Amino acid sequence: MEYHKSIVTILIPILALLLSSNYIPCKAQLSTTFYDDSCPNALTTIRSSINAAVTSESRMAASLIRLHFHDCFVQGCDASILLDDAPSEKTAGRNGGVRGYNVIDDAKAAVESICPGIVSCADVLAVAARDASVAVDGPTWPVRLGRRDSTSANPGVAQTDLPVASMNLGQLIANFDRKTLSVRDMVALSGSHTIGQARCVAFRARIYDNTSNIDPEFASSLRSNCPQTGGNGNLESLDLVTPNTFDVNYFRNLLERRGLLASDQALFNGDSTDSIVQEYVDNPSVFLSDFAAAMVRMGDIDPLTGANGEIRTVCTTAN
């Protein structure tokens, strides 16, 4: 009888954990100390590579954060976006303008030189996003590691699961919800647009639509670099005030109807997320904290772990 009581005593808290909303098996397998024994210099090696890339081109910080986002939203954080498959996710329409692949390739090569076959491309990409943020005075966060790499890309899913610049608030909320990210996560992650640039093709409709929720002077100032025809690849900063600083001016711009993309301005347009935008403007530290937490949650989307996937030697091709 005492034996059975002991078993029950042990099982009750385990069952409670399994039934709780906080228990997510795939996330539990990731750890911030995953490479401490197998490749103790991995993180410093990646950091050095990313710092050099951002020093060479400050825009690269935004590109690397975006690259991690575009990877995680397509079949999870598995480095599928890095593959040169035919067809590849790189060539999917919704990945137009995504860049920074060469920086990840270089960081991976640097890690391979000290620890062959140990660190996945997916983890390199996750760490690179964090280091890129820090390099431009943005927040840091603990990166949970242990992801493995997919052996194939999925351009079809890229075309359905990635958000686009024309989305309204309801579409954005639904898009992020499908990836188990909250409305607050969505607004915080959108704040990465405080740095980086967008192509004319992504905001042309907004600046030529006289009925849209855009400041007329702001729209007019953008038209010379983004004509009604041609110039699709011409670039504008997502935050024209402090384009190279990770701050809350992105959200301040929304209050003035100066969001570059329609999906940016959708966050402050008389709807449910207005209060979050205002909170971030009033309390920048809250935004930085929320952004860091949202990046951790995003990095936990459907990772390959254990015996699933592989550790690619080169990020552009399966072994």
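Each Cβ is built from the backbone N, Cα and C atoms, and glycine gets one as well.
Sequence annotations record features per position, and here TrEMBL assigns signal peptide to 1-28. Residues annotated as disulfide bond in TrEMBL: C39-C115, C72-C77, C121-C315, C200-C226. The site 'Transition state stabilizer' annotation in TrEMBL covers R66. Residues or ranges marked as heme b binding site by TrEMBL: H193. Summarising the annotation, TrEMBL assigns Ca(2+) 2 binding site to T194, D239, T242, D247.
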The disulfide-bonded residues listed are C39, C72, C121, C315; by CA-CA distance, the one closest to D239 (Ca(2+) 2 binding site) is C72
Sparsest Cβ surroundings (other CB atoms within 10 Å) among the disulfide-bonded residues C115, C200, C315: C115
Whole-number Å only: compute the distance from the Cα of C115 (disulfide bond) to the Cα of C77 (disulfide bond). 21
Among C39, R66, C77, C121, C200, these being the recorded positions, pick the one whose CA is nearest to that of D247 (Ca(2+) 2 binding site). R66
Find the shortest Cα-Cα separation between T242 (Ca(2+) 2 binding site) and the recorded positions C39, R66, C72, C77, C315, and name the residue that gives it. R66
Determine the Cβ neighbour count for T194 (Ca(2+) 2 binding site): the number of other Cβ atoms within 10 Å of its Cβ. 27
One residue among the binding-site residues D239, D247 has the fewest other C-beta atoms within 10 A of its C-beta, namely D247
Residue among recorded positions R66, H193 with least C-beta crowding, 10 angstrom cut-off: R66
